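Worksheet for the structure shown next.
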């Protein structure tokens, strides 16, 4: 009996190294630390919360997801349908949704280890997982809820499935089809994964029989049926938008400009993944407002050099199947983004680092390349490897400190407190809602909270954008109060007709 117990414990240690458990605990701490104060809660979060909330309340079952920026296309509804379950479990509460996506981030860290150890070796997987667990940029995106949230995880799973299929495990075609369908319905960057699978399939000459291929294709196509139904009901809106987007247009930019913009974006993103300074404002690092483009931190040259060195290491070792997959994924992401930059009009390309999320499919490639390089360096240094381990540990600690010392000047906590105060002061009276600010990027994140707390305004400042999401829930009565929330970097003020109240943040 004792021998059996020891053998079981040894097997667990081999499967789940103790170091990995420590890494996952750290990943969880950084993703749940100050959950409410650091929760980014603006326009995207409101929109992507309303859709599953409407499913769970029986208001509307959508056949589409969201608008695909700059294309006129609409994504499919699978992501929204999936998110309806956690939304139902927490009654649409933003903190519950935030906990779900933070938990998803911890799972992504574990999958990073799994993929790294499968493509390369366990130590590479552990290094990659440790960097992902503590990377400021990776952490704040893991804490942000929107349709792009699952893309890094789905990218990792795509890499894993292709690797398994190339090793003769053909049944991984089936989960690959589902992964691709979910990604395709979540965010436009999933197009990178679609092309990556097609090209990787051809280059690797995957040993898949016709039966597995047809079943996988059937799975993918079945999951597109909601989109097909939407197309039929709306006069093939997506088809017409695709034809229009692919038609020659002068609205985009030149090849030279696109290459320059995307190359600079890739270089800075690789550096931002590896290092962040202390005391950053998450609002400035995540808000997709053009006014904030110059406010995101620019990584130092040494961090960019490390990130690019990791990519160069992937290029040098491209003859190995794992590195070949990483290189192919990154190149397709680059080429696809250059093409999109050339096609997208001025209003559909965010300036500076605001567009870094377009590299979500390549986030795993950046970190796995870096981890492989560090592992190679440790092996080469031999008895002097302590230097590399110390440098890596320092980098991890600095990045973790960046998360812990970060603040959010426009976070969920202040908005939530304000909305609860409004509801209490109204005492059930019908009202209209307006939110104003000297900074137009700060007016979002309030309207959804009134819906969740069951106090719909008769009319609000977002009715022009979001009205279709809640119009049938609006009270059929005359408002007796006019509520105006004035939000600025220094304070949040609440004003009501005949009521003089100021609430300071």
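Every residue gets a Cβ built from N, Cα and C, even glycine.
Heads up, TrEMBL stuff is auto-annotated, nobody curated it.
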Segment assigned the feature transmembrane segment in TrEMBL (from 288-310, 357-379, 426-448): 357-379
Feature transmembrane segment in TrEMBL, mapped to one of the ranges 243-262, 263-282, 323-342: 323-342
Stretch-level contact, the transmembrane segment (20-39) and the transmembrane segment (172-204), CB cutoff 8 A, at least 3 pairs: no
Feature contact check the transmembrane segment (357-379) with the transmembrane segment (213-230), CB under 8 Å, 3 or more pairs: no
Beyond the flanks of the transmembrane segment (122-141) by 6 or more, those residues with Cβ under 8 Å of it: 17, 19-20, 23-24, 26-27, 30-31, 40, 105, 108-110, 112-116, 149, 152, 269, 272-276, 280, 282, 285-286, 356-357, 360, 363-364, 367-368, 370-372, 374-375, 378, 392, 395-397, 399-400, 402-403, 406
Intrachain residues whose Cβ lies under 8 Å of the transmembrane segment (59-83), provided they are six or more past its termini: 47-48, 51-53, 97, 147, 150, 181-182, 184-188, 223-224, 226-227, 229-230, 233, 237-238, 241-242, 244-245, 340, 343-345, 347-349, 469-470, 472-473
